[in-house]
Amino acid sequence: MFQPVDGGVNRVCRGANFTDDSPEDYVLHKGTTSLSDCMRLCMMAPVCKGIEFSAKYNDGHCEVWTRASGINATAPVRDFMCLRYGAVQEKFDLINGASSNRVCRGDSPDDNSEAYYILRENVPTLSACKDLCVAEPDCKGIEYNEALQGGRCEVWTRTAGISATLAMPGFTCLRYGMQEMFKPVDGGENRVCRGASPIDISPSYYVVHNNTATMDDCKKLCTEAPVCKGIEYSSGDGGGRCEVWTRVGGIRATFEGNGSVCFRYGGTELFIPIGGGGGRACRGGSSADDSPKHYILHTGIPSLDDCKRLCERSPTCKGIEYNRVYDNGRCEVWTRPGGITATSPMRNSECLRYGTTELFWPVDGWADQACRGATEKDDSPAYYELHVGVASLAACKTLCISTVHCRGVEYTEHVEGGRCEVWTRVGGILATHPANGTRCFQYGEHALDAARDHNNLSLREVKAMQSEGPADGAPGVTRASRRRSRAVTRSWRNHPESWRNRGGRP
């Protein structure tokens, strides 16, 4: 099957980014005057990832793309068309194992905004709704109800995708594009996967599957695995080698490896909208803090994805602000050391924080601690925003990242369908209280400071520990290191209760 890339029309195909156009990535067929002939050349080729076609250029221009990691970007050029080839690109996936009688949601079952989707009415079938999604460059999935509005179709374009659903008779919710779940790391091609650094490699990080015929087969092994952070794949004379990575800290680096490709996998988006993302401009310490020193400006950037790639290539990127209207695509790559901590209303702008999911540090241990303010009895409801029905700790952390002035999270999985407190207290989280099944994390620069103070570690050691995470059953901070902390010294001997008493709940 052929599917349009970034809308397909008036787009030329590219490799890892919109400037990646190596002649080695495709086979050129001149004088091909019809789209059907170009498609046929692709289907007859031993390897074909997609086509670029123009009937007007050079009396017929057909590129049959053979790049190992496929077509991952486009650039705007009039009278051209870019199409991916292969069934893997058109995949619509169930969400959390179910799709029927479910409506789509953002990070939690109560997270629903009209800004998350494009509404189409009078769409007669589910298949027609899928087609509208495939034709939309930023589509993350669909919600469909045949009985409403002549066929109600929501084409979801939310940057962070669809992470939750809610039971609702007559609706169907599907996530789109397995390819979108696999992101090339450092360009992907001719790279082998690594852990926290380019020299961090251990057989314990992955499961090897030899004789894996294709990269798509390797991706399928990843999606079917109980835990998968990404893949490394290489073809060879003796059959393809597939590494399904399961490392707790995920894939954070790569190393040169001729013939190999490395992809990160997962629904967790590295770019998280701040303050809702859409219609917001990024700011520094306050909504008025917009110094040009905080960011690197790029103009003429054709898409949000291209702006994201510029950020990914910057070692100090904290996030991006993108506006398609200004400067033919205005992209600000934010490098402010303190990151993006505020936003301001701005039409057509989007503000996204990047790569901060690791900046969470457990307070007073890895588990069984509830967050507090200055002391263990300091627990005002004004300190946090409460979300219930949050399915996972990861979703709770995402809510924090998208909240301006978030200081950390408290999460309890088995209470209220997943209870998530997003802490915004000015002074941050300075204490905890024992609470069975509850976890407390500081977030951002506060987390880095706490990690250094609690452990007397260097910044390098802190980041290495963050990328690994504590071992199973191990505390994030030792009792000895807590005694070295600047936080208030606490003793739990006088508090044998396993649940805190807050407003009558356990």
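The backbone N, Cα and C atoms fix where each Cβ goes, and this holds for glycine too.
Here TrEMBL flags 5-86 (among others) as domain 'Apple'. Across the domain 'Apple' (5-86), mean pLDDT in this model comes to 86.
Taken from TrEMBL, the feature domain 'Apple' applies to 87-177 (among others).
Marked as domain 'Apple' by TrEMBL: 189-266 (among others). Broken down by DSSP into helix, strand and coil, the domain 'Apple' (189-266) contains 13 helix, 33 strand, 32 coil.
Residues or ranges marked as domain 'Apple' in TrEMBL: 283-355 (among others).
The annotation domain 'Apple' is assigned in TrEMBL to 367-444 (among others).
Annotation source TrEMBL lists region 'Disordered' at 464-506.
For the domain 'Apple' (283-355), the neighbouring stretch richest in Cβ pairs under 8 Å, chosen from 5-86, 87-177, 189-266, is 5-86. Break the domain 'Apple' (367-444) down by DSSP state and the numbers are 12 helix, 28 strand, 38 coil. For the domain 'Apple' (87-177), DSSP puts the residue distribution at 17 helix, 37 strand, 37 coil.
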